[in-house]
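So that you can see what the record holds, here are the features copied from TrEMBL:
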REGION    267-290  region 'Disordered'
COMPBIAS  280-290  compositional bias 'Polar residues'
REGION    414-433  region 'Disordered'
COMPBIAS  415-433  compositional bias 'Polar residues'
REGION    625-670  region 'Disordered'
COMPBIAS  635-650  compositional bias 'Acidic residues'
REGION    689-720  region 'Disordered'
COMPBIAS  708-720  compositional bias 'Polar residues'
Amino acid sequence: LAANQLGTNVSIRWNVTNNANFGYFVLMGQNQTVGNLDPGTDAARAVIENTESETSVGNSILTVHQTSDLVFPGFIRNTSTGSGTLGLVKDGSGKLTLTGANITYTGTTTVNEGTLVLSNATAYASASTVQGTGILRVSGSIGPGASITVTNGGTVEGSGEIPSLSIRSNGLVKIGSASTNSAGAWDTGGTISFSDGSKIDVTGLSLSQQPYVLIRGSSVSGTPILQGATGFTVANSGNSITLTPVLDSDGDGLNDGQEIVLGTNPNLADTDGDGVPDGQETSLGSSPTDAMSMPKTKVVYWGQTLNTNAAANIPTNLPSDIVKISAGGTFAVALSSAGRVYAWGNSTNGVTNVPPGATSGVVDVVAGLGFVYARKTNNTIVAWGDSRNLTNLPSNNIIKIVAGRDQGLLLDSTGKVTQRGPNNSGTANVNTDSNWQSGVTDIGAAIYNHIALKNGAAIVTGIANHNARVVPTEAASNVKSVYAHGGSTLTAILSNNQIVMWGKNDTVQVVGLKNLVDAGSLPGVTVTRYATGTQNDAQLVLSQSNDPTIRKFFSTHGYWTGLLDRDGKLHAWGASWAVPNSPVPAAMASNVVAAAGGENFALALVLDQDGDGLADNVETGTDTYVSVNNTGTDPLDDDSDNDGLNDGEEVITYGTNPVSEDTDGDGVNDKAEVDYGTSPTVSTVFNRLINGSFEDGTEKPSPGGNLPTHQDNVPGWKTT
């Protein structure tokens, strides 16, 4: 045959029967392309060769477009006694397995598609290249003269011996199993070379937090890029490639070694408890060990309108260093990193009148329905509001404060808890119950029940309704923190990150969390146990990983509950009349570091890294303004269009486009128009800013781009 006379539609089948002569496919120095190979029933007697005994014949290459899977145990050789070499190209999606000692050809091999398997091809001596989508799998041993080069998307895998293996840029070694010792690793027995851009893939392996040996040889040079696993690094030990875990025990973005250097807790994602994981604080430049040091933030409101709830009237002069927030009835409080308390909303009982003692040196602040507690650096308390919550407060050594709707709880350094406020169906038992007089390390306050952590177990006081005082067995040990929500719903977080919630469920406070999990809203969280009781109550146990999806719960003063997930997204559920009655704002969809709930409203403290008054979440960086929830601005630049007005001023105060320096296109930038008192949003009319509102003035003079001197000198204006 002349060269290339067959084609991919032609399959080659041998019809050699047992004990018959051999069947030959001889190329005679001509390159040929065929479809599938089929060695027949006596497959070991099928022969592919360049020549039989002919001499003075050139080399040839056989391209096999194999689309089915088959094993070829016959002869593939250069010649019997003649001249020339034979090479092989593997195309097609099928798997072609060459096995046995009679695979002896020495021409080149190229694997472009599908899989070529070398199974105990002990005399195989070809220089092989794997590329494209091709895979070369080696099991057993191949001949001492063989070499394999993997490049440009190709893959080598298996467990066999390879005298020379070279992985070039974008070539990949697929590891089928990893061993904790070198004896169990893939030992090629030869040299291994990894070039820059080469890869090693461990996808599908079951890996634990321990070192592994992936592949070894007589010598190994270079280090590949790891793919298929996170939390590990690869290294070259000289004769092997090893896989070593980079432990991030708490999933905060810092490995354990980094945490030791920084002085943070490698087993606690948020060492200082400020709501920002240690890794995020480190990258943003704030201290992960100081709760009063945080990235710039913004307070966001969600719930009833200003006409209904005065807490919606967030002061425009709140600083960008707010570190804590708390919600009252129709008011709210916030704490700056400077230790100053701010308050706004309805001032019943004087709750918005911050006393001088709370204008500096404060490290924590909480609000109830009508009272406020502020804890100072010396662990003393400043309190104001409803007198029932202020009487006979402990004088010092207070290490934690919480506020339910009606009562406040104060925990001192001896582990004693004091309650102040009206008694709601037995909650005042805190002051007399011996279990609450020492050894308590965490506390939570609801309306009708309070919870504490003591000796690793949750303890509860208050009403017996809704079985709130029946602590689930899972919360009887290994508890690390506790929360109380609304009326009588309680939560414990265990040391293994399990969540245990129980109590009042008639307004879906417990099952609402289960519904979030069932809907896939909390990836990585699974329901371990759920049971309903006889008093409109329920018990729920959730499991999650070492990098927990649920970061923290926040307490509310109404019959609803909320949490923050790993991404800082706020989730809320409960009675339809209690949960804030509008969709969660875009500003609370991520990067929320703290949240607080009133009876039917929520506050969130969200990152605002550039301090421009816009939450990072709404600064989408697209350079196109869409709405207040999609501003297109840069979250790291407070003046995205460089017009002299910061992005928050443009969106909130002036209604200008924060990504256009000249919103109205009149040739004068927005800041200049604001300074002159003209309208930055109307191109044909000067508008004087009087008492905070724009008033129509004269027609704009020409030429269009020239702003005259102060507008009092523009014809038609009167000096005021």
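Even glycines carry a Cβ here, placed using N, Cα and C.
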Secondary structure content, the region 'Disordered' (267-290) (per DSSP, counts of residues): 7 helix, 0 strand, 17 coil
Remote residues contacting the region 'Disordered' (267-290) - C-beta distance under 8 A, at least 6 residues beyond either end: 249-254, 259, 323-324, 548, 551-552, 564, 592-594, 605, 607, 609
Secondary structure tally of the region 'Disordered' (625-670) (DSSP, helix then strand then coil): 9 helix, 2 strand, 35 coil
For the region 'Disordered' (414-433), residues assigned helix / strand / coil by DSSP: 5 helix, 4 strand, 11 coil
